[in-house]
Amino acid sequence: MAFRSNDGLTWHQRKANLKRWYRVYLGSHDFAIITTLLLAVNIGVYLLETFSQIQYGNIFSINPLVLINYGASYVPLINAGDYWRLWTPMFVHVSPIHLALNMVTLYLVGPVVEQKIGSIRMGCVYLLSGLAGNFTSFLFSQNTVSAGASTSLFGLIVYAALITPSARQRLASILVVNLAFNLIDPSVNIYGHLGGLIGGILLAALFFDIDEIDFVRVPSWLRTTFAVGLTLVLFTWTIFNDYLP
């Protein structure tokens, strides 16, 4: 027997209505819960940054001190033990244009990956690509303050291109726009983007999501378990490194 709510709709009917609302108001994508959540978190963090920026005057360019307070990458602090800063920069942005470009990219690319491999694995790809980009930035950048979801997004773009051949032309256009922004804005950390891009390639291979190299058929649940396990291991090591034997 199907459960019915007070309005007489079954759970499946309500879910279909929600997906229909998402397509009408947010585009032609099916409902992508992790993409939506990431959009909300990134925008929410930037609103908090803007509120903190008021004391410095110009709210259209976030002060480096504010960025650091909200989790931006800063090599001296990471060297001092703030390893969690290898994760948090992917949710911090430096200006409205920076945020807008990244959120449009996430909106376009996120559902492509999420529909293909599922929400959980897509979230892992976002986090691990960001980690790869931020770690690369940490290795090669000096005392610069770095922030932005681009590390994660470059990984997502190349990941989507590898697992969705039919979308490669569209994804290439998105990648070109992002690369152009890198060349125009001298403050953009190119090392982080390259690290995220390489991370996306490696993750597609590790998760057996590239059809061309999928010689052994690995069950979807096992791929997801591996993705979650890898994310948790790296998260635990970076966050609780001082407490581990």
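Every residue gets a Cβ built from N, Cα and C, even glycine.
Taken from TrEMBL, the feature domain 'Peptidase S54 rhomboid' covers 81-208.
Beyond the transmembrane segment (31-48), the same-chain residues lying 6 or more positions past its ends with a Cβ under 8 Å from any Cβ of the stretch are 18-19, 22, 70, 91-93, 96, 99, 102-103, 106-107, 110-111, 114-115, 119-120, 122-123, 126, 149. Per TrEMBL, the feature transmembrane segment maps to 31-48 (among others).
TrEMBL lists 60-78 (among others) with the feature transmembrane segment. Counting only same-chain residues 6+ beyond the ends of the transmembrane segment (60-78), those with a CB under 8 A from a CB of the stretch are 45, 48-50, 52-53, 84-86, 88-89, 91-96, 134, 137-138, 141-147, 192.
Sequence-remote contacts of a segment are chain residues at least 6 beyond its ends whose Cβ falls under 8 Å from one of its Cβ atoms, and for the transmembrane segment (90-110) they are 26-27, 32, 34-35, 38-39, 41-43, 45-46, 49, 60-62, 67, 70-72, 122, 126-127, 130, 133-134, 147-153, 156-157, 160, 170-171, 174, 177-178, 181, 187. As annotated by TrEMBL, transmembrane segment applies to 90-110 (among others).
Residues or ranges marked as transmembrane segment in TrEMBL: 122-141 (among others).
Tertiary neighbourhood of the transmembrane segment (147-167): same-chain residues 38, 42, 67, 71-73, 89-94, 98, 102-103, 105-106, 109-110, 112-113, 116-117, 122, 125-130, 132-134, 137, 174-175, 178, 188-189, 192-197, 199-201, 203-204, 209-211, selected by CB-CB distance under 8 Å and a gap of 6+ residues from either end. What TrEMBL records for 147-167 (among others) is transmembrane segment.
Sequence-distant neighbours of the transmembrane segment (188-208) (same chain, 6+ residues past either end, Cβ-Cβ under 8 Å): 73, 89, 117, 121, 124-125, 128-137, 139-141, 144, 146, 148, 150-159, 162-163, 178, 181-182, 214, 216, 218, 223, 226-227, 230. Taken from TrEMBL, the feature transmembrane segment covers 188-208 (among others).
The feature transmembrane segment is assigned by TrEMBL to 220-240 (among others).
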